[in-house]
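According to TrEMBL, the features are:
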| type | residues | note |
| --- | --- | --- |
| DOMAIN | B:94-295 | domain 'ABC transmembrane type-1' |
| TRANSMEM | B:9-27 | transmembrane segment |
| TRANSMEM | B:100-121 | transmembrane segment |
| TRANSMEM | B:133-153 | transmembrane segment |
| TRANSMEM | B:173-191 | transmembrane segment |
| TRANSMEM | B:226-252 | transmembrane segment |
| TRANSMEM | B:272-295 | transmembrane segment |
Amino acid sequence: MDNLLEVNNLHVSFDTYGGEVKAVRGVDFSVKKGETLAIVGESGSGKSVTTKALMGLIPSPPGRIKEGEILFEGKDLTKMKDKELSKIRGKDIAMIFQDPMTSLNPTMKVGNQIMEGLIKHQKKSKSEAKKRALELLELVGIANAEQRLKQYPHQFSGGMRQRVVIAIALACNPKLLLADEPTTALDVTIQAQILEVMKDIQKEMESGIVFITHDLGVVANVADRVAVMYAGKIVEIGKVDDIFYNPKHPYTWGLLGSMPSLDSTDDELYAIPGSPPDLMHPPKGDAFAPRSDFAMKIDFEQEPPMFKVSEDHYAATWLLHENAPAVQPPESVQTRMKGMTRESAEGDKV
Amino acid sequence: MVRYILERLVYMLITLLLIATLTFFLMKLLPGTPLSAADKLSEEQQAIVLEKYGLNDPLPVQYFNYITGLFQGDLGLSFQFDNREVTTILLERMGPSMTLGAQSLILGTIIGVLLGLLAAIYHNGVVDYGSTFIAVIGKSIPSFVFAGILQFYLGVRWGLFPVALWEGWEYTILPTLALAIFPIAIAARYMRTEMLEVLGSDFITTARAKGVNKFGVVFKHGLRNALIPIITIMGPLAVSLMTGTLVIENIFSVPGIGEQFVKSINTNDYPIIMGTTLFFSFLFILIILIIDLLYGLIDPRIRLTEGD
């Protein structure tokens with residue numbers, strides 16, 4: 001099957017007074033119809049910048065797409081003018097934003113904010129658009145939709161606002177949905193509801209989803225495939241099972257190891273030591289090497305290529321080189337992996 | 001809503017009463033007497049004149065008489081202008097001042113807001129620098145300098161508009177332009193800053209992600225959110241423009257209130273001072289009320305709920 005979205009060698013930089021910040025440094029991935037790709041990584045790893053770049057929403061200046069292509073249904077979005085892009089934005093590609101408290105216009109009625117895209121892209125009349133807006137509000141689980149349409153965002157709770165943000169994104173049945181931490185600002189019960197809504201809609205509309213998060217629990221719940229980003233690069237990508245049960249990159253080990261667990265007996269929560277590199281001067285070699293317990297000499301000299309682990313599973317670490325010593329993930333990650341296998345097995349029984 | 005406005009009007013009356021009281025006693029502290037040539041009058045003559053205007057009464061009595069008159073809509077007689085009624089003088093003089101003030105305010109705000117918007121849209125471009133330049137010039141050079149330049153070029157050199165006097169609408173053009181420079185500068189500066197800030201907010205990104213274009217984002221989503229601070233500063237500016245400016249009125253020989261007010265203070269013309277102060281205060285309080293109502297109109301978060 002053809003890819004809905006294909007990103008090849010994407011580089012995004014920000015020109016600051018101090019110099020060029022290379023926020024995204026050569027990212028490749030693809031998304032198929034009906035598939036969910038999760039992008040995980042710590043703050044500053046380039047997740048959000050990557051999705052914003054897909055939409056052409058990087059503020060320029062100072063940001064710019066330096067290199068690479070973004071093929072959406074075969075057309076390169078990086079070559080399009082803003083005017084052409086605005087015909088795709090909201091219609092074929094839509095975005096769900098992170099913070100429901102600030103993502104809605106405080107001085108515009110919620111109904112009008114949902115209807116705006118419909119009127120623009122589908123040339124609907126006001127009453128048709130209103131009908132669709134009602135449907136959407138009901139779809140995302142907002143009661144009293146008729147009355148709610150006439151209200152302003154400040155009359156909604158945080159969870160309700162996030163539903164509105166999702167309704168706006170879904171308005172024109174987008175083929176590709178970019179969700180930038182859509183549940184981070186919500187409490188856990190609302191989080192679960194929102195994820196359900198998104199899954200239902202994906203099933204119904206067959207849309208592809210790029211799901212950005214740093215919550216691995218959410219990843220396990222929603223993703224088909226996972227890309228792990230570090231310092232502006234994808235360091236490991238694979239099916240969700242590959243990443244959780246057979247991770248290869250030390251950074252992925254670190255991420256999994258720092259996930260709190262209910263049956264952990266440790267007093268302290270594990271954290272990856274150190275902090276991410278300054279992307280104004282990205283390090284030579286493997287960017288994660290200075291923080292890694294498994295770094296070898298070559299990690300500080302040469303950047304590792306993507307090694308193929310299995311059909312869909314790739315990781316950029318020299319540990320996968322045939323000359324590298326065989327290394328096992330740290331103990332905590334191994335117990336974690338076993339624990340998860342057990343949990344999911346139990347889950348299957350129920 | 002109606003109840004809210006009525007409530008505000010009651011507060012307004014109380015405020016005005018307080019202002020009247022304060023002004024009355026402060027004014028009595030002014031040095032000198034209302035008599036312009038006291039030294040040429042005998043003591044007897046002085047006493048007769050003071051008696052006639054009730055100025056020999058004890059202060060509390062004078063105050064009581066004044067406030068009683070105020071409630072009957074009587075602002076008293078002017079001392080210096082042949083005993084004409086203060087109300088008549090005020091009405092006569094306020095006309096030109098308020099015409100100039102309103103015209104320059106409307107013109108200045110519209111041009112200023114547009115300049116500011118363009119500057120924000122074409123941020124860091126030629127338009128932005130041009131608009132900033134105009135704003136700096138407008139804010140730093142006093143209006144009488146512009147008045148002179150306008151008179152010389154538009155009035156004398158090219159003969160487009162009358163240079164001075166007050167004999168028809170075309171006579172308002174030059175003073176209006178001279179007065180409008182300041183609101184243009186203020187509105188442009190604030191609008192640019194506010195709009196840039198609003199354009200950086202998350203909901204603007206949401207709108208962009210919906211496919212709204214650059215202008216749609218500015219006018220449909222940005223403008224309303226950027227207007228609140230503009231309205232806040234435009235209120236007091238409106239009052240100061242409409243209550244007349246001594247300098248501009250003098251330069252263009254406009255029979256406005258500004259000149260009148262200063263003259264009445266110099267001559268201790270108590271009724272005029274009181275009348276003008278009260279009128280200015282009334283205007284100011286009224287504009288504050290209008291601004292508060294405008295806030296609610298623009299920003300639903302400030303709007304009163306039905307219960308209030």
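Cβ from N, Cα, C; glycine included.
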Non-local residues, at least 6 beyond the ends, that sit with Cβ under 8 Å of the transmembrane segment (B:9-27): 59, 63, 66-67, 70, 270, 273-274, 277-278, 281-282, 285-286, 289
Distant-in-sequence neighbours of the transmembrane segment (B:226-252), which means Cβ under 8 A and at least six residues beyond its ends: 93, 96-98, 100-102, 104-105, 109, 113, 142-144, 147-148, 151, 163-165, 171, 174-175, 178-179, 182-183, 186-187, 190-191, 194-195, 197-198, 258-259, 261-262, 280, 283-284, 287-288, 290-291, 294-295, 298-299
Chain residues outside the transmembrane segment (B:133-153) and at least six past its termini with a C-beta under 8 angstroms from it: 112, 115, 163-164, 174-175, 177-179, 181-182, 184-186, 188-189, 192, 245, 247-248, 251-252
